[in-house]
Amino acid sequence: MPAARVAACLCVRLVWQEQQSLAECLPAALDQVPARDRGFVQALVYQTIRHFQELDALARSALNKPLKRKDGDIHSLILVGLCQLRYMDTPDHALVNATVEATQVLNKPWARGLVNALLRKAIRGQLTAPATEEARWNHPAWLLKQFRAAWPDHWQSLVEANQTPGPMTLRLNLQQQTRADWLTTLEAAGLAGQPTRISPYGVTLTEAGPVDTIPGFSDGQVSVQDEAAQMAVHWLEPQPGERILDACAAPGGKTGHILELTGGRAEVTALDISGRRLARVEENLQRLGLQATLKKAAAEQPDQWWDGQPFDRILLDVPCSGTGVIRRHPDIKLIRRPDDVATLVALQARLLDVAWTALKPGGTLLYATCSVLPEENSAQIEQFLARTPGADIEPLPYPDGVTETHGLPGPLGEQWLPQKDGADGFYYCRLRKHPDNGSSTQSGESGIAPAPQDPGAGRNIP
Ligand SMILES: C[S@@+](CC[C@H](N)C(=O)[O-])C[C@H]1O[C@@H](n2cnc3c(N)ncnc32)[C@H](O)[C@@H]1O
């Protein structure tokens, strides 16, 4: 199957050399191969990206001189070949043949001998990678440095958890069924799962599978969502009848959860800057049979979306480094740059300030990230509190009966680090606006001019 190796290596190249995310380039790569090969190509791409630093060091140690940038496809093909050898159960002769044949499909016959010799050397155990920290832990050096500094006692388990694929966890709509009843239905369908340890809504499947095999998925009784993400809306504590803003909503996992917990009886506005991603919110809500007002807008520009009426609760699930979900998105290790974190921190601060002005006195704002970097989390909140009078941190109560948490509770919110076989890495901080802190939230007095209300604006997704 040289075509499968070609599709895989071209996708790896796009992530490595062009900083494309897997979400952007993998679907097109899978379209290039017959349906029967798609599972293999996806696994090969994920494994190669997950072990990129180690495979790259191995390949470079064998090359007399690095390949030119324009031959990034051949370099990626070598990584894909080495990955099969180390991490997949393809027989050696089959993987060498197919990988070498792929050089023809790539129209680079000159690379045939090179790829063949290198893979055969690896099979004979004659390749050893230099023992760099990057290759050993399969993370870029700048990220290792940040993890070490932030989590001196936990960085190794954090990095190991990042290398272990996350489990498939589901969120149940408890308005429609109890977790015990649904587990019985799951068993009847020949599948197995365990209740999540902390989220009262979650079930972790023993084995991941296609969503259409999961009972109740198509009619919205069940959604795919990690346990950590489930806790954001749990701690937002949305109530029926409230006006709620989900400020960075797409693809809508948490918008759906807000509506489920309020029985569809909250007035929810879901914003996102990306029209393409907002369309996913629409699809998800349709599956759940729930409704929100969707608006494509930059949340930090309230004149694009705010009518000046304050919200009872705001979920601010901000764009972030994604360093808590590397196990699900290993491409983050290749596409993020150290400078990105500072840019994100500045945007998050702006989003916090603007969302705060749109919050009612006495209202609750839940700030969340899927990051494990303190700049985006506790330090971000520390700075917010220092510049914002009238903001208090509220404790995050764990559900009854929970004795062991994933959290590293601090005075400035709660940090979860990714757990092998458990939840993703996440950060939460619940902020409450003093009830007498009204003046800055009234229309026209916030210093930010609200836009005139446009009753038709809500449903349009350009
Ligand atoms: C962490 S994701 C949100 C996940 C979502 N809450 C969920 O549970 O499905 C962050 C989202 O913020 C959006 N975003 C990025 N910059 C934004 C901005 N300036 N204003 C509003 N949304 C933004 C991104 O398009 C992305 O969909």
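Using N, Cα and C of the backbone, Cβ positions are placed for all residues, glycine too.
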Problem set entry | Further S-adenosyl-L-methionine ligand in TrEMBL, beside CYS248, ALA249, ALA250, PRO251, GLY252, GLY253, LYS254, ASP317, within candidate set ASP272, ASP303, ASP339 | ASP272
Problem set entry | CYS370 (active site, nucleophile) and CYS248 (S-adenosyl-L-methionine binding site), distance between Cα atoms, whole Å | 13
For this session: Run through the Cβ atoms and count how many others sit within 10 Å of the one on GLY252 (S-adenosyl-L-methionine binding site).
Result: 28
For this session: Quick one: average pLDDT across the domain 'SAM-dependent MTase RsmB/NOP-type' (158-434), no decimals.
Result: 96
Problem set entry | Local backbone state of ALA250 (S-adenosyl-L-methionine binding site), from DSSP in three classes | coil
Exercise. Tell me which residues of the chain lie with their Cβ under 8 angstroms from that of LYS254 (S-adenosyl-L-methionine binding site), as long as they are six or more apart in sequence?
Worked result: ALA229, ALA232, VAL233, ASP246, LEU315, ASP317
For this session: Any same-chain residues 6+ apart from ALA250 (S-adenosyl-L-methionine binding site) with CB under 8 Å of its CB? Would you list them in sequence order, or say none?
Result: ALA270, ASP272, SER274, ARG277, LEU278, ARG280, VAL281
For this session: Round to the nearest Å and give the CA-to-CA distance linking GLY252 (S-adenosyl-L-methionine binding site) with CYS370 (active site, nucleophile).
Result: 15
Exercise. Other residues with Cβ within 8 Å of the Cβ centroid of CYS248, ALA249, ALA250, PRO251, GLY252, GLY253, LYS254, ASP272, ASP317 at the S-adenosyl-L-methionine site?
Worked result: ASP246, THR255, ALA270, ARG277, VAL281
